[in-house]
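One structure is given below, encoded as structure tokens.
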Amino acid sequence: MSQYQEIAKQGLWHNNPGLVQLLGLCPLLAVTATVTNALGLGFATLLVLVGSNMLVSLVRDYVPKEIRIPVFVMIIAALVTSVQLLINAYAYGLYLSLGIFLPLIVTNCVIIGRAEAFASRNNLAHSAFDGLMMGIGFTCVLVVLGAGRELLGQGTLFEGADLLLGDWAKALVMQVWQVDTPFLLALLPPGAFIGMGLLIAGKNVIDARLKARQPKTQAEPVARVRITKVS
């Protein structure tokens, strides 16, 4: 198995930032009331992850170890500011919807964790790919959780997609079933905690079943060595 395949498996499943590392839970639980918000935050996090991993990998040999964390945070903050200005300019409605959680990407442990644990120790290509896979894995968790909460709470999917993609995206909105009164438990933070717990439980069940299907290797018996004298 190549290193790229291993990085992809780690980011998407085995070491998923949301389901395994349980990092970035604050924005993950707060803004996933709709698929649109989940996609917007996931896209922003993905851009920052890839950019920060690349820049940290480039400067890793020039930054003293004693000040590496402040330097990494400054790099991440610069990228987050750039992404924030980009969303403010081209998706203002989404910018208002995400609110404070957009600049708080700076403190997201997923990003600083990958910068410290991976990008600071690997080359540019591997670091960029790691950021991409971790970002996609985190975004997938956001989207699945957002879809479940929106579907249960409002009976819709892609509500407000025009905030992210423009007026043409209004055609993407799907009314799966008619909801007279929104199911507030799904839309509020308690529903996010319950949904996240179900996702983690589902992953654990899948992992357990996959492990059970693997052929069990039987250890070879070890021959005993006689240590007593024979008279």
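Glycine is no exception: its Cβ is also placed from the backbone N, Cα and C atoms.
Not measured: the values here are computed from a predicted model.
Copied from Swiss-Prot, the annotated features are:
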type	residues	note
TRANSMEM	18-38	transmembrane segment
TRANSMEM	39-59	transmembrane segment
TRANSMEM	69-89	transmembrane segment
TRANSMEM	93-113	transmembrane segment
TRANSMEM	128-148	transmembrane segment
TRANSMEM	182-202	transmembrane segment
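Within the same chain, the transmembrane segment (128-148) packs against the transmembrane segment (39-59): three or more Cβ pairs sit under 8 Å, each pair at least 6 residues apart. In summary, the transmembrane segment (39-59) lies against the transmembrane segment (93-113): three or more C-beta pairs, each 6 or more positions apart in sequence, are under 8 Å.
Nonlocal intrachain contacts for the transmembrane segment (18-38), taken as residues 6+ away from its ends with a CB within less than 8 angstroms of a stretch CB, comprise 45, 94, 97-98, 101, 104-105, 108-110, 113, 137-139, 141-143, 145-147, 149-150, 153-154, 157-161, 163-164, 187, 189, 192-193, 196, 199-200, 203.
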